[in-house]
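K.L.:
This is the structure, below, for whatever I ask next.
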Amino acid sequence: CPYSSLSRSLSLSQGQKRRILVYPKGNNVDYLSIYLDAGNLPVGHSRFTKFKLVLINQVDDKMTKIKETHHMFNAKHSDWGFTSFIPLAEFYDRSKGFIVNDSCIIEAKISGNPKLEKKVYIPVSVKAPSKPIEHDDNPLSLDISAVSISELVDFRGLGKIEKAFVQLLDEVYVKCPSIIECQEKRSRRFREWALTALGRVLHFLKTKKVRDMNEEACNHLQILWEELQTFRFDLTWLEPHVKSALGMKNYLERSAEVKSMKEKVAALEKEMKKLKALVASVEVDIEMARRELVKVEEGFEERDLDGELGYGL
């Protein structure tokens, strides 16, 4: 394929739009690169999405390639996926069954809401449109293989991880080396995944604020935490902080309720203050009126207005 990238759009309910971005010649790697693009999200908006990208084997279903990930899409990072999905040599080998009649089929299975999964199947021809879609050469991904080499650095000889995680992992290593050293006997690939999983959780806790912990953020952290637990770290030191962060959603709800009640009490107290001022003003008026009454009553004899006037006989 002469084009560097191609895309296909897919529509979901409520007008949501997605695109599958494909690099038939690889995104600066010798692998087929595939991403999911969330479209143009407004600045300040985010959308947590779990999804699978599937490369159909049109000869043998058992050879179909499936990769699953998740991401908090936003205006800055609107695409997510896999830079190293499958080696180009394997992809272009016609005997493998991924390309038939100059076409491949890619599926996207999207779950934007953890409680409601939507599956959308999109056939994507290897023949790209005349104008390729521009795409960031260094997309971020939850999959270590989707991070460009320029963003990865060696961490204490244990493997290459994302640069943003190095300082965080160094802090853990300095305070308790055994937490990191427990991975030394495992394969390099396993270590990289393990350290990346730990780095994601630490980075989340380091960069998120209490106010950020809405339902989407809590779901995101829960997934990162469950993933980290599979790597057999001693996480007793970290678990209380994660649980505390996950509890921030309830805290925010209670905080909003408390704030609302405080505002209500403040408004009533303000109204009461106004009413008290009004009462005080009326009391002054009453006292002044009483004094005036005393003055006008001097020498005044009250008579029956219905009585006869009479004439003295």
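Heads up, the Cβ atoms here are built off N, Cα and C, so glycines get one too.
Just lifted these from TrEMBL, have a look:
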COILED    251-292  coiled coil
DOMAIN    1-110  domain 'MATH'
K.L.:
At a C-beta cut-off of under 8 Å, are there same-chain residues at least 6 beyond the coiled coil (251-292) that contact it? List them, or none.
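P.N.:
That would be 210-211, 213-214.
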K.L.:
DSSP-wise, what's the residue breakdown of the domain 'MATH' (1-110) into helix, strand and coil?
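P.N.:
Taking the domain 'MATH' (1-110) as a whole: 14 helix, 58 strand, 38 coil.
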